[in-house]
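Student: Sharing a structure with you now.
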C-alpha cells in the first residue's frame with residue numbers, strides 16, 4: 001500500500017516545524033492525515049481563456065475539503081498566443097510549456113502533495129500540465145476553463161459568426177473598410193474562454209476527454225454556461241475519491257500513466273484526426289508521451305491518419321462552425337461514439353470518471369443514451385452577451401444536432417472525408433516527417449507543385465506577402481524557425497492569414513520548420529524535421545527550386561538530385577547552419593537555455609539532456 005506523500009511533511013516529531021508552517025496556512029489538528037491535494041490554477045488577467053479562473057480554484061478547493069481532503073492552490077504562468085503572435089513574444093510561447101510543467105513539478109514535489117486538480121485552458125497550459133501529470137504520476141483530474149462563445153455580428157444585412165482569425169484576416173485585406181474591421185475586432189472575442197474554434201486550446205481540452213483524464217464536456221461546454229460549474233464541483237469530489245483509491249486501496253488504475261496508456265494516446269489521436277484538431281496537438285501529445293515514458297511516436301500517428309476519417313469540420317476549417325456547435329451535436333463523447341461504431345478506438349481504457357472509456361461513451365453519447373439529463377447538458381447554448389464572468393448564463397438550444405449525414409458531427413459511413421483531418425508527410429525535405437492539417441486544405445490543392453520562395457524568418461515572409469512578392473503557385477518556405485533555430489518554434493498564423501487576405505489561400509503552399517496556430521488553414525505544412533538549424537534539408541532549399549507535395553500519398557519532395565543535395569550540404573556545412581539574413585530578434589539567456597536542450601518537432605520539441 002503506498003503511503004501518502006504528504007506524510008513526509010505532516011507526521012513525526014521532526015516535522016514539527018513543517019506542521020507549524022502548515023498550521024499558518026489554516027490547517028488544523030484534524031487535517032493532518034488527510035490527503036493534501038494541489039489545486040493547480042492558471043488564472044491571469046492577460047489571457048481571455050484564463051481571466052475567469054480566479055475564483056474557480058477556490059470553488060474546487062471547497063469541494064475537495066467538503067469531500068474530506070485538504071486543498072492548497074497555486075498558479076502557473078499562462079501565455080496568450082494570440083497576443084504574443086506576430087512579434088518576438090511568440091519566441092516564448094512553446095518554451096513556456098516546459099516552464100509550466102517544471103513549475104508544477106517543483107511545487108508538487110517540494111510540498112509533497114498527494115494529488116492534483118489541473119485548471120487549465122489555453123494553448124501551452126493544458127499541454128504543460130499534462131506533461132507534469134505524466135511526469136509526476138500522481139492522481140490527477142483536469143478541468144479547463146472552457147471555450148469562448150463565437151462572435152456574432154450583422155454585416156451588410158447578413159448575420160455572421162466570427163472568431164479571432166477573422167479579425168486578423170480582415171485587418172490585412174485592403175478591400176475591407178476600416179469601419180468593418182473595427183466591427184469585426186469588437187465582435188470576434190465576446191466572452192471569457194479559449195478562442196471559439198477548433199484551435200489548439202480547445203483541441204487539447206478535447207483530447208483530455210479521450211485520454212480519460214477529464215470529465216465529459218470538458219472540451220466543449222462553454223465557459224459562460226452554468227453547466228460548466230458542475231465540472232469543477234465534480235472534479236473536487238472526484239479527485240478525493242481517486243486519491244483514496246490509490247493510497248488506501250492500492251488501486252494503480254487511477255494513476256495518469258495507467259489511464260493515459262499507449263492505447264489511450266491512440267484514442268486521443270484518433271479523436272484529433274477525426275475532428276481536424278490543431279497541428280500543435282501532435283507536438284504536445286508527443287511531448288506528453290515522452291514525459292510518461294510511453295512508446296508513442298510520429299509513425300503511430302501516421303498509421304492512425306491513414307485509417308481514421310474526418311468526422312467534423314470546425315473553424316478554421318469551416319468558418320461558420322464553432323465549439324458551441326460541436327457541443328450541441330454531442331461534444332467529444334459523440335465523436336468518440338462514432339469512432340467506436342467504426343471500431344476505431346479502444347473501449348477498454350480506464351478513465352478518472354468511469355471504469356472504461358466504452359462505459360463513458362455508452363452513457364454520454366447522445367445517439368445511444370436515453371438520459372434526458374445528458375441530452376439537456378448538450379443543449380447548453382451561447383448566451384450572446386459579452387462577459388468575463390464564468391457560469392453567467394443558462395441558455396439552451398431548442399433541439400440537438402443529431403444529423404449523422406449532414407450535421408456538425410458525422411458518421412464513419414458519411415464522413416466529411418475518408419482521409420482524416422491531420423496527416424504526416426515524409427520525403428527528402430522532411431526525412432523525419434512534417435504535419436499538415438488536411439481538414440483545412442481545399443481538395444483542389446491536395447497535390448501541389450510549385451517554385452520555392454525562401455525566407456529566413458517569419459518577419460521576412462510576412463513582409464513579402466504583404467508587398468505582393470508572393471504570387472499564385474508559389475511554395476513559401478520559412479526556415480530557421482524550429483525549436484532550436486527560432487528559438488522557440490514560432491507559430492505562423494500571420495503569414496497564413498495574410499495569404500488568405502491576399503486571395504492566395506487556395507493557390508499557394510507554405511512549409512516551415514516552425515509551427516502553426518490552431519487557427520491556421522490552407523496548405524500549411526509545419527514541424528519539418530530535421531529543422532534547418534539541425535542540418536535539415538529545408539536549409540538547402542533555394543529560390544526557384546521545385547517542391548512537390550502529395551497529401552494523398554503522404555509525400556513531400558524537393559525535386560533535386562542526390563548529387564545536387566550533397567553538394568549543397570557540403571557548402572552549407574562550411575558556412576554553418578544559420579539564417580542567411582541578419583535577424584533583429586533578441587534571444588535572451590532564457591531562450592538560449594531552451595534552445596540548448598530542445599529536440600526536433602518529431603520528438604515533441606521536448607528538452608533532452610545530452611547523454
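Any Cβ shown, glycine's included, is placed from N, Cα and C.
Heads up, here are the entries from Swiss-Prot:
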ACT_SITE  517  active site, proton acceptor
BINDING   81, 123, 124, 491  Mg(2+) binding site
BINDING   122, 195  [2Fe-2S] cluster binding site
MOD_RES   124  N6-carboxylysine
Student: Are there recorded positions among 81, 491, 517 that sit within 10 Å of residue 122 ([2Fe-2S] cluster binding site), Cα to Cα? If so, list them; otherwise say none.
Tutor: 81
Student: Helix, strand or coil by DSSP: which one applies to residue 491 (Mg(2+) binding site)?
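Tutor: Going by the DSSP assignment, residue 491 (Mg(2+) binding site) falls within a strand, counted as strand.
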Student: Among all protein chains shown, how many Cβ atoms are found within 10 Å of the Cβ of residue 81 (Mg(2+) binding site), not counting that one?
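Tutor: Its Cβ has 28 other Cβ atoms within 10 Å.
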Student: Would you list the other residues of this chain near Mg(2+) - those whose C-beta lies within 8 angstroms of the C-beta centroid of 81, 123, 124, 491 - in sequence order?
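Tutor: Checked against the 8 Å cutoff, the neighbours are 79, 84, 90, 93, 94, 122, 200, 201, 280, 517.
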Student: If one measures from the C-alpha of residue 124 (Mg(2+) binding site) to the C-alpha of residue 195 ([2Fe-2S] cluster binding site), what distance in angstrom results, rounded to a whole number?
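Tutor: Cα to Cα, residue 124 (Mg(2+) binding site) and residue 195 ([2Fe-2S] cluster binding site) are separated by 14 Å.
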Student: Enter the number of other CB atoms within 10 angstroms of the CB of residue 124 (Mg(2+) binding site).
Tutor: 30
Student: Given the binding-site residues 81, 123, 195, tell me which ones have a C-alpha lying within 10 Å of the C-alpha of the residue listed as 'active site, proton acceptor'.
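Tutor: Correct set: 81, 123.
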Student: Might you list, by sequence position, any residue in that chain lying six or more from residue 491 (Mg(2+) binding site) with a Cβ less than 8 Å away from its Cβ?
Tutor: 81, 85, 90, 93, 280, 514, 515, 516, 517, 520
Student: Between residue 195 ([2Fe-2S] cluster binding site) and residue 123 (Mg(2+) binding site), how many Å separate their Cα atoms?
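Tutor: That separation, Cα to Cα, works out to 10 Å.
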Student: So how many other Cβ atoms are close to residue 517 (active site, proton acceptor), meaning within 10 Å of its Cβ?
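Tutor: Its Cβ has 31 other Cβ atoms within 10 Å.
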Student: Note down the number of other Cβ atoms within 10 Å of the Cβ of residue 122 ([2Fe-2S] cluster binding site), including every protein chain shown.
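Tutor: Result for residue 122 ([2Fe-2S] cluster binding site): 28 other Cβ atoms within 10 Å.
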Student: Might you list, by sequence position, any residue in that chain lying six or more from residue 123 (Mg(2+) binding site) with a Cβ less than 8 Å away from its Cβ?
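Tutor: Counting only residues 6 or more apart in sequence, the Cβ neighbours of residue 123 (Mg(2+) binding site) under 8 Å are 79, 81, 93, 199, 200, 201, 204, 280, 518.
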